[in-house]
Amino acid sequence: MEETRRRFVISSVLSVSLIYLCLSTCHVSAFDFGRRQLRFNTDGRFKILQVSDMHYGFGKETQCSDVSPAEFPYCSDLNTTSFLQRTIASEKPDLIVFSGDNVYGLCETSDVAKSMDMAFAPAIESGIPWVAILGNHDQESDMTRETMMKYIMKLPNSLSQVNPPDAWLYQIDGFGNYNLQIEGPFGSPLFFKSILNLYLLDGGSYTKLDGFGYKYDWVKTSQQNWYEHTSKWLEMEHKRWPFPQNSTAPGLVYLHIPMPEFALFNKSTEMTGVRQESTCSPPINSGFFTKLVERGEVKGVFSGHDHVNDFCAELHGINLCYAGGAGYHGYGQVGWARRVRVVEAQLEKTMYGRWGAVDTIKTWKRLDDKNHSLIDTQLLWTKNTTLEPNFGFSCSTIPQH
């Protein structure tokens, strides 16, 4: 009798899972079939490696910027490659995010496709899924942003998208706006649910509007509308049968150029990491941060662009974090090691001993120094606690980027 009951329960769970899978695929485009589904590991963890501002050029022929005189004769793009290989081997991430200025197209490379191949090679060779968005320097060549994203999308292990399948509904600006859904691990009742949502956005390069001069671009209304619609749909899916959840799954945003809110923090505010230059953000605040606060889903926004800033600071429940510059061809600071940012989400255990929803999100940085130092471990968010907000302001002179 007990064995019959056990088989019935197992059969019911499998049937529910299969029905949910069939229902879920109604919202999946043909583009998504055949692509690797991201999910938490059986240890309840999911780790993301963020690499920003490689500014990759010709490989060994490209000289380094802002290194010591002793290092300069032997330093090239290959130092960036070595750093990434070293970090991938140490951290073993589940996903690698290249957050813009991956190559330096401005009169620096005659073959931008070859530069991208070299820049992304450590991720490709690792076999680990990876994605990329563009910065303001990537397309400064004979290749458009759209063409670059189409090229990146087709590289091995890449989960990048040119734009979401429903982009036409929003007449979405830019190229490289997409969502990644991280589902529960094998054996979890949340196996078919997205329990961590990633939003990657194209923050553009330079505005083309009259009256602004040569200023940085911003996240447009069309992109914000797409984010809001996607976020609401994911919330509905998260709370629907089977195994409906009471809360919204946490989200993370990656974009290259920092939002104006990053400038609200200076050295005197409570932050983890350092500010060593001004925030170079758009001249227009398009309201994207307000949209994120209103939705209440996103727990962290991760940017690059300002190479020698690497801090995280919290504002209205959202952590604003710099990656720090990873590339040796891009500007840096002598004696200040190139670096990358790691984010790790950890699941909670249910009362039945199964993996449940995301419990904590933490971050740290890896340096390309002698010891491959791990620094500034920080809890960004925990499910049961609201962190105190920080406020600040900086209005120092903006340097050239």
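Positions of Cβ are set from backbone N, Cα and C atoms, glycine also.
Annotated features in Swiss-Prot:
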- N197, H305, D306, H307: substrate binding site (BINDING)
- H307: Fe cation binding site (BINDING)
- N79: N-linked glycosylation site (CARBOHYD)
- N246: N-linked glycosylation site (CARBOHYD)
- N266: N-linked glycosylation site (CARBOHYD)
- N371: N-linked glycosylation site (CARBOHYD)
- N384: N-linked glycosylation site (CARBOHYD)
- 1-30: signal peptide (SIGNAL)
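Here the features listed in Swiss-Prot are painted onto the structure.
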| residue | record | Cβ contacts under 8 Å, 6 or more apart |
| --- | --- | --- |
| N79 | N-linked glycosylation site | C64, Y328, R338, D368 |
| N197 | substrate binding site | N179, L180, Q181, I182, S231, L234, A249, P250, G251, L252, E297 |
| N246 | N-linked glycosylation site | K239 |
| H307 | substrate binding site | D53, E277, G324, G325, G330, Y331, G332 |
| N371 | N-linked glycosylation site | none |
| N384 | N-linked glycosylation site | none |
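Cα to Cα, H305 (substrate binding site) and N266 (N-linked glycosylation site) are separated by 17 Å. Of all the recorded positions listed here (N266, H305, D306), it is N266 whose C-beta has the fewest other C-beta atoms within 10 angstroms. Classification of D306 (substrate binding site) by DSSP places it in coil, neither helical nor stranded. Residue pair D306 (substrate binding site) / N266 (N-linked glycosylation site) shows a Cα separation of 14 Å. N371 (N-linked glycosylation site) falls within neither a helix nor a strand when secondary structure is assigned with DSSP, and so counts as coil.
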